[in-house]
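Structure first, commentary second.
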Amino acid sequence: MGRVLLIFRLVLADVRRHPTQAVVLLISITAATAMLGLGGSLHGATQTLYQKTRAATAGPDVVAFAPGTGRTAIKTLTSLEHVPGVLTHSGPYREYYTKLTAHGSTGAAVAQVADMTPGPVDRPLVTSGHWVRPGGVVVERGFATALGVHVGDHVTVAGRSLPVVGIAVTAAHAVYPWAPGIGPGGGPSDGGGLIWLNERDTRALESADTSVTSFIDLKLRDPDTALTWGHRNPAIASAIGDSWVNVRAWQLIAEQDSLMLKGSQPILVIGSWLLAFLAIAGVATLAAGRAAKQTRRVGLLKAVGATPGLIAAVLLTEYLALALLADALGLITARLVQPAIINPSASLITTATGPTGATIAVTTLVALGVAALTSLGPVVRALRTETVAALADTAHRPQHRAHLTRLSALLPTPLLLGLRLIARRPGRAVLHACNTAATLTTITGLLMIYAQPAKGYPGSSMANHLRDAQEHHVILAVTAALVALAAINTVTITWTTAQDARPTMAIARTLGATPGQITAGLSAAQLLPTLPGALAGIPLGIILCLPFSAANTNWPSAWSLLGAALAALPATAALTAVPARVAARRSVAHTLSAEAT
């Protein structure tokens, strides 16, 4: 117990001495685990929501459609009630293909005839207002969200203004904008929303120009057999005969619903790995900046009799404990954000399912991996250092190369200072280049997604934009997180470099360098690796997008990609200006005297 308490007190004291580094570590790993947890939770999320909606609304196992309302169509649908395995049914009902206008927007819709009291199968759940009554319309929630419609508003259906008396959800139809199921005459659907009307109110839709489809909802004794319902099933074939009937199993409806998230999950998962990479780059820079102080601390612990195991436990516990805390914060964040992501159409009952055990395990491994990769190297080097050498903290003798000295003398002072800083810490320059490459990789993906034409349906502009808007919002959030973390890393690398180079910059000041040249030199040390990193990020982004791209994918213009890469230069210059300027204004006498003592 005394050993554990000692480790805890030493770790807590170190965190108090370096709170900024602890905060950067928390932010970096929290962002990565939150996005990874969110991406992992999307797998099967739509299926879960559909199952809950289906249970709450007595959703059908099979929906059978037949074009028209003729006697043959109705007889065919009715005959399906007697197929072996059918437990109960509702219908047949009619749905009319029409238009609905609200708040100046017009969208395609199917108006379904609804009973005042729903049947045993498909009992839509009213989430606002009440169920259908004469002279009023109930709007499916996804459609209502797209239109911006609420209970009490008026909408126009077939030239008639009707009040919205309720908002409801159902599992008998796919989410908006795939509610129609089939198109007029049994053809392909142009998409649209779903509304429910009383029998009397649908009479205004009965005209030669309005297409009608009949359908019946069926409940089976074994819902898992719904996929076997088709023309190849002898029992179904004998009931249907030569009539045209389209049968949709509940599994197919759920699969159709999941298409809304098809593009979001890879964006989140890839974004989380890029964030984890940025976290490694940022935390590795902090760990390297603390290497000298950490080595001296190890020397002090060895001098008072601490064993290597105790020292390793003290040094690693800080990083691992912060990583676990960041993992918990990331999972909590994913749990809070999940409802806004998993149900973009609002057509299903929204309940946050939370991350699964597998997702928690993956995010925990990533968090611990980031902490281990960034801390293990400095810890091992510190442990291998002899006690006397660690306490002495002697400087390394620089290597002088005459030909490089002659060449560097021809360079401007800021560029010379920047190159010398890169030469002293080449690994840090590589990390910054990778930091920039990861950011440009995501920006390239953003440009790729925005370069694609809107995919949708001719009958509804809202339907055209819904799925695209979901992917746009997700990639924007991922890009914003990556840019923010990359900015933190850039400031961290600049400040760490400035702290490490204080003696060098102070000597340069004594030899005539101005504070402005010192500032420019510190910025140059970050700008020089920025351009190759940015140029490398563009092809990396394209390569990552290729597996998810179709043959007819539109590619962003070369000028937009080049502009994004070049924009990294002024952004880096702006981020490095403040920490470089603060470091350059430090007193030369104070710096040299501190180093002398």
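Note: Cβ is positioned from N, Cα and C throughout, glycine not excepted.
Not measured: the values here are computed from a predicted model.
Feature annotation from TrEMBL assigns domain 'MacB-like periplasmic core' to 25-225.
Tertiary proximity for the transmembrane segment (267-289) is limited to same-chain residues at least six positions away from its ends with a CB under 8 Å from its CB atoms, namely 21, 24-25, 28-29, 31-33, 35-36, 38-40, 42, 319, 366, 369-371, 373-375, 377-378, 425, 427-428, 431-432, 434-435, 438-439, 441-442, 445, 471, 474-475, 478, 481-482, 485-486, 488-489, 492-493, 496, 499-500, 544. Here TrEMBL flags 267-289 (among others) as transmembrane segment.
For 270-386 (among others), the entry in TrEMBL reads domain 'ABC3 transporter permease C-terminal'.
Annotation source TrEMBL lists transmembrane segment at 310-337 (among others).
Annotation comment: TrEMBL describes 357-383 (among others) as transmembrane segment.
Long-range contacts of the transmembrane segment (429-451) within its own chain (CB-CB distance under 8 A, at least 6 residues past either end) are made by residues 267, 270-271, 274, 277-278, 281-282, 284-285, 422, 471-472, 475-476, 478-479, 482-483, 486, 489-490, 493, 525-526, 528-530, 532-534, 536-538, 540-542, 544-545, 549, 553-556, 560-561, 564-565, 568, 572. The annotation transmembrane segment is assigned in TrEMBL to 429-451 (among others).
The annotation transmembrane segment is assigned in TrEMBL to 472-495 (among others).
Mean model confidence for the domain 'ABC3 transporter permease C-terminal' (478-586) is a pLDDT of 84. For 478-586 (among others), the entry in TrEMBL reads domain 'ABC3 transporter permease C-terminal'.
Marked as transmembrane segment by TrEMBL: 558-578 (among others).
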Residue counts (helix, strand, coil, in that order) that DSSP gives for the domain 'ABC3 transporter permease C-terminal' (478-586): 93 helix, 0 strand, 16 coil
Distal contacts, the transmembrane segment (472-495) - CB-CB under 8 A, six or more residues away: 24, 27-28, 31, 35, 263-264, 267-268, 271, 274-275, 278-279, 281-282, 285-286, 341, 428, 431-432, 435-436, 438-439, 442-443, 445-446, 449-450, 522-523, 525-526, 571-572, 575-576, 578-580, 583
